[in-house]
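Data block below; observations after.
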Amino acid sequence: MQTLAENLTSQAISPTLEKLILTLANTSKEISHAVRHGALAGVLGATEQENVQGETQKKLDIITNDMLKDALKADGTVRGIASEEEDYVVEADANGEFLVCFDPLDGSSNIDINSLVGTIFSVLPAPAGELTEKSFLQAGRNQVAAGYVLYGPSTMLALTTGQGVQLFTLNPETNEFLLTNGAMAISKDTGEFAINMSNQRFWEAPMQTYISDLLLGKIGPREKSFNMRWIAAMVGDVHRVLCRGGIFTYPTDNKNPEKPYKLRLMYEANPMAFLVEQAGGKASTGYETIMDIQPTEIHQRVAVILGSANEVDACLEYHGIDYSEEPVL
């Protein structure tokens, strides 16, 4: 099997980007080790701190954030860093070519129950001049690489450099990432959807109607049955979509009118959208393509609808309907 390093060489990417990706991959091996040891290493549980999102930080959130931050600052290829766990951007190497945005441990609410978690990352070109938050405010189309590492029964790395999506599995005996799928492809049609149904009453009318029609199955307007899946970690739900198709959505809701969106654009939605599009799927907010959004802040949140192309299109058709005369279910 081809190693990650061998695969990157075959992609003919720049040596600096190759070095950066290998640094991310090597750090994820250390994170995988920390996740596996869990309670044995005393890294489970919550701290008394909150991140910039107002979310209580888990011990592993902080540990994994520091692992990635330290590795990227020492790498020499990175100009600056933006993380879910950092209030502000972090300077790295003044001569670095890239900016890295990451969620160090997506799905951290799953940590204490020994369920799926992962690391999500996005790589952008570093513009010339002083490093500021504005340096990071680039549309997702500017990404030069993106991926995630899933810490499950196996540790897996899904990666794109704009040349399709490759899946690597960590060999625990050699500690090497080996290529196990050289061309991930999302099926255009699906019978699975992933959504947090507990928020149904807070969704916009288009999403309420769309999901209601899915639940009606063969007797409804879609005339087919759908199964629901929900892992409560974007990285796990998107991994399933990449492996066997499906639609994943965390839509707009009015549960907290000041925070109508859940997922962060720069280090969750954009990298996942890049992966999904490279695998033949689609990614939208319901009203615009995710990777076309011009960010206004590094911790900006957006609605997310992504997955099998035909099913995303079907969902978007509901968002094109005038619901002004329709009752909200």
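Positions of Cβ are set from backbone N, Cα and C atoms, glycine also.
Taken straight from Swiss-Prot:
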- Glu84, Asp103, Leu105: Mg(2+) 1 binding site (BINDING)
- Asp103, Asp106, Glu268: Mg(2+) 2 binding site (BINDING)
- Asp106, Gly107, Ser108, Ser109, Asn196, Lys262: substrate binding site (BINDING)
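Listed in sequence order, the residues Asp61, Thr64, Asn65, Ser83, Glu85, Phe102, Pro104, Asp106, Ser108, Thr119, Ile120, Tyr267 complete the 8 Å Cβ shell around the Mg(2+) 1 site centroid, once Glu84, Asp103, Leu105 themselves are left out. Of all the Cβ atoms in the protein chains shown, 29 others lie within 10 Å of the Cβ of Leu105 (Mg(2+) 1 binding site). Here Lys262 (substrate binding site) is positioned 13 angstrom away from Asp106 (Mg(2+) 2 binding site), judged by their C-alpha atoms. The separation of Glu84 (Mg(2+) 1 binding site) from Gly107 (substrate binding site), Cα to Cα, is 12 Å. The Cβ of Ser109 (substrate binding site) lies under 8 Å from the Cβ of Ala232, Ala233, each of these being in the same chain and 6 or more residues away along the sequence. Within 10 Å of Glu268 (Mg(2+) 2 binding site), counting CA to CA, the binding-site residues Asp103, Leu105, Ser108, Asn196 contribute Asp103.
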